[in-house]
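Asker: My structure is below; once you've seen it, I'll send some questions.
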Amino acid sequence: MSTPSLLILAGDGIGPEVMTEVRKIIDWFGAKRDLAFDVSEDLVGGAAYDVHGVPLADETMAKAQEVDAVLLGAVGGPKYDDLDFSVKPERGLLRLRKEMDLYSNLRPAQCFDALADFSSLKKDVVAGLDIMIVRELTSGIYFGEPRGISVNASGEREGVNTQRYTESEIARVARSAFELAKRRGNKVCSMEKANVMESGILWREIVQKVHDEEYPDVELSHMYADAGGMQLCRWPKQFDVIVTDNLFGDLLSDVAAMLTGSLGMLPSASLGAPMENGRPKALYEPVHGSAPDIAGQGKANPIACILSFAMALRYSFDQGAEADRLEKAVEKVLADGLRTADLMGPEGGSPVSTSAMGDAIVAALDASL
Ligand code: IPM
Ligand code: MG
């Protein structure tokens, strides 16, 4: 098989500096594990806007469609707040998701033992937590038509967005959740608002149908999304896989992220249909944003982005054992007490820099050989 290709889109804010650390990890796998990648880089978000006047150039979009996997840092920043909506940095990311048809967004929330004290919840509520949120990523209110701001009949402006889901859109993300559950705790909880939304009624019906016809051995439950948010804070360990729509998934995954102590820890994978070589269309990115307030200061935590590369090893490149190796290396540096600024408790301490964290993870990888 030819060398697998990776397109790196570091983006804005802390994106480039965390990606520098990921490059060290990628290089390590090439040098020490005979796992070389053909890496190219390009622009997304505000960085692309500055050069091309759009948050994702057509050539970059075309490249993303061709590579085996895309690794993205973060997009957005105050500098771009006043731009027209159509060229805001976030539109670049949304275009990638939509045109690559990355319908299944995997957002694991795992609490590392060494960080159980950092959660805003009690330690016993989060210690050992390991849940997976599967968020639908290419439809729903993020993309539904009609949308826009217009003047209505009484001369008042109104903003409109549309929540819309087809049966097949629901069924494919449900399948993806059931498949994951089979390899984990065998439990899926589906979340919607079937009590107030027709799209939620259809969501519940189709998830149940896919379950009954194709995955009867997986345990399935349904929950209203608001109650789901509450249960995530009350007793998150009741969940294994949660499947939900685009908007609820956006909210619930931030909630779940915070259970683990810091947004700086959480990776994600966005997967689509298999390509000709059998690999799924894929984009990997940290759940955190561009954090403009700390950008360029060496304060950012590179772990979420590094763990996103671990997900790429697992889901795109069939290198589960090497993904485990990388995750264990991260666990080791945390157990050794290394902390970036986001992981400082109220009592403070001396944080390590972004690059020191990357170097320590490389050293832990070396030690794993
Ligand atoms: C996320 C982010 C994005 C979203 C933004 C940056 C468009 O919040 O990935 O969760 O809303 O999906
Ligand atoms: Mg979000």
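Heads up, the Cβ atoms here are built off N, Cα and C, so glycines get one too.
When I checked TrEMBL for this same protein, it listed these features:
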- 77-90, 289-301: NAD(+) binding site (BINDING)
- Arg97, Arg107, Arg135, Asp226: substrate binding site (BINDING)
- Asp226, Asp250, Asp254: Mg(2+) binding site (BINDING)
- 5-361: domain 'Isopropylmalate dehydrogenase-like' (DOMAIN)
- Tyr142: site 'Important for catalysis' (SITE)
- Lys193: site 'Important for catalysis' (SITE)
Asker: Return the residues near Lys193 (site 'Important for catalysis'), defined as same-chain residues 6+ apart in sequence whose C-beta is under 8 angstroms from its C-beta, sorted by sequence, else 'none'.
Answerer: Gly200, Tyr224, Ala225, Asp226, Phe248
Asker: Output: those binding-site residues from Gly77, Phe85, Arg135, Asp250 whose CB lies less than 6 Å from an atom of ligand 1, in sequence order; none if no residue fits.
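Answerer: The qualifying binding-site residues are Asp250.
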Asker: Can you tell me whether DSSP puts Asp226 (substrate binding site) in helix, strand or coil?
Answerer: helix
Asker: In whole Å, note down how far the CA of Asp250 (Mg(2+) binding site) lies from the CA of Gly77 (NAD(+) binding site).
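Answerer: For Gly77 (NAD(+) binding site) versus Asp250 (Mg(2+) binding site), the Cα atoms are 19 Å apart.
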Asker: Near Gly77 (NAD(+) binding site), how many other Cβ atoms are within 10 Å of its Cβ?
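Answerer: Here the count is 22.
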Asker: Compute the centroid of the Cβ atoms of Asp226, Asp250, Asp254, then list the same-chain residues not in that set whose Cβ lies within 8 Å of it, in sequence order, for the Mg(2+) site.
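Answerer: In sequence order, the nearby non-listed residues are Ala225, Gly229, Leu247, Phe248, Gly249, Leu251, Leu252, Ser253, Val255.
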Asker: For the binding-site residues Phe85, Arg97, Arg107, Asp250, Ala291, Lys299, which sit with their CB under 6 angstroms from an atom of ligand 2?
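Answerer: Passing the 6 Å Cβ check against ligand 2: Asp250.
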